[in-house]
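Read through the structure below, which is laid out as structure tokens, and then see the notes.
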Amino acid sequence: MMSTESVLESGDEPCIRLEPLKNTHLPGKSTPTGGSCAVFVDSSPKVTANGVHDIEDRILRITGYYGYNPGYSSHRREDGSESHAETPGSETSMESRSFQTCVNTALKVLGGLLMVLCISSSWVGTTQVVKLTFQSFSCPFFISWFSSNWNILIFPIYYSGHVVTTREKQTPIQKFRECSKLFGEDGMTLKLFVKRTAPFSILWTLTNYLYLLALKKLTATDVSALYCCHKAFVFLLSWIVLKDRFMGVRIVAAIMAITGIVMMAYADGFHGDSFVGVALAVGSASTSALYKVLFKMFLGSANLGEVAHFLSTMGFFNLIFISCVPLILYFTRVEHWGSLSSLPWGYMCGLAGLWLVFNILVHVGVVLTYPILISIGTLLSVPGNAAVDVLKHEVIFSVVRLAATCIICLGFLLMLLPEEWDSVTLRFLATIADKKSEEHGEELTESSTHTRSRSRANGTVSIPLA
């Protein structure tokens, strides 16, 4: 910049004038036209903290730097970077989010493990109480009908939990009508009630009835193991009816389930109560699989409230339309009992309560935790029943039955593998192989460095071969 002393030395009367910058000459230079007045432009750079960013802005504007935006100097870029770097709030929020995610995952896993324990315990208790009930009251269809009527309580229990856990307050009628949209936009009519509920209620009753009949012929361990075959039947029906993805490992699991069924039937020879019991247990697993596939086909997108509504509706259907069957069996002497006061109401209410708890936990657990844990809870009922049979009833299992049970359980576990398990496994193995190769390379580098240091210490030089 030109100072005032140079202007006084020029011999002319100094004339200082302020005007805005209109050309691209550097600031402080005199105009080429000459004259007794030196033109000064008071556009001298404003010195800031670092004293350079305004000068840099002018140089960039004069030289026509490509992509230059006025006011975008390195100083401002540094300011911007500092502003982005100095945001502890964002880092804190990210850390809090990650911590909250970890906490939610841990709670979900712990809740799932607790749910597994409750499901397996309730199913083992249901099966064992049935065996105790049969000692004084051998009417399986009446027990199944009586227990299914308790499904009416599922929707009131759901509504009570909904009122406690949410701020939205709805009357029971409003909530019932809202969940009735499962049957259509117009809600539940008598025609839709019978059309939608009848098939599922019949399959539900057959599943429970055949399961109870099988418990009259076989031990609780054998029946619970054979019932686990329903997972394989669900896959086969979904593959055929719903056109689900084909998976070779699940085909292998289905073959293992069928092999276990054959071995279980062969354990005491293909005759007698054992063979009939195996057939009844497989029939129960088959009707359960058909129920699940039809539920997935027609009601697959239902939420928890709609499922509770549907199960209570099935309880009403069972009470209204299937009540005639126990009466028919009573008058035909197929299932005859004495007076109502002589019935073992304690065992029957305990059985119905455990069955109700099992059904609630299965449907609620799918929403609250991982579905795979619910399936594992059902599978753990097999060793649970085995422990009770051995310790309390002193049952001795043959080698063939043990092998058949293990094969069925292994096939059940294979059914739980996710659809993309093969690609996930390959990526995991590739990651392990990469880590091992990196560790081996680091070991070779360290060993070669150690060898060279020892050679230099001994005064020798190792020459690598070409």
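Cβ coordinates are placed from backbone N, Cα and C, and glycine is handled just like the others.
For 75-85, the entry in TrEMBL reads compositional bias 'Basic and acidic residues'.
Annotation source TrEMBL lists compositional bias 'Polar residues' at 457-466.
What TrEMBL records for 73-96 (among others) is region 'Disordered'.
Marked as region 'Disordered' by TrEMBL: 440-466 (among others).
Positions annotated as transmembrane segment by TrEMBL: 106-125 (among others). Within its own chain, the transmembrane segment (106-125) has Cβ neighbours under 8 Å at 220, 224, 354, 357-358, 361-362, 365, 368-370, 373-374, 376-378, 380-381, 384-385, 388, counting only residues six or more beyond its boundaries.
As annotated by TrEMBL, transmembrane segment applies to 137-159 (among others).
According to TrEMBL, the transmembrane segment annotation covers 193-212 (among others).
Same-chain residues lying 6+ beyond the ends of the transmembrane segment (224-242) with a Cβ under 8 Å from its Cβ atoms: 123-124, 127, 211, 214, 218, 250, 253-254, 256-258, 260-261, 264, 278, 281-282, 284-286, 288-290, 292-293, 296-297, 375, 378-379, 381-382, 385, 404-405, 408-409, 411-412, 415-416. Residues or ranges marked as transmembrane segment in TrEMBL: 224-242 (among others).
The transmembrane segment feature in TrEMBL is assigned to 248-267 (among others).
Residues 199-200, 203-204, 206-208, 210-211, 213-214, 216-218, 222-223, 226-231, 233-234, 237-238, 241-242, 261, 264-265, 267-268 of the same chain lie 6+ residues outside the transmembrane segment (274-295) yet bring a C-beta within less than 8 angstroms of a C-beta in it. Among the features that TrEMBL reports, transmembrane segment is placed at 274-295 (among others).
What TrEMBL lists as transmembrane segment is 307-331 (among others).
Per TrEMBL, transmembrane segment is recorded for 368-388 (among others).
Long-range Cβ contacts of the transmembrane segment (395-417) within its own chain (Cβ-Cβ under 8 Å, at least 6 residues beyond either end) map to 219, 221-222, 225-226, 228-229, 231-232, 235, 247, 249-250, 252-257, 259-261, 263-264, 266-267, 372, 375-376, 379, 382, 386, 389. The transmembrane segment annotation in TrEMBL covers 395-417 (among others).
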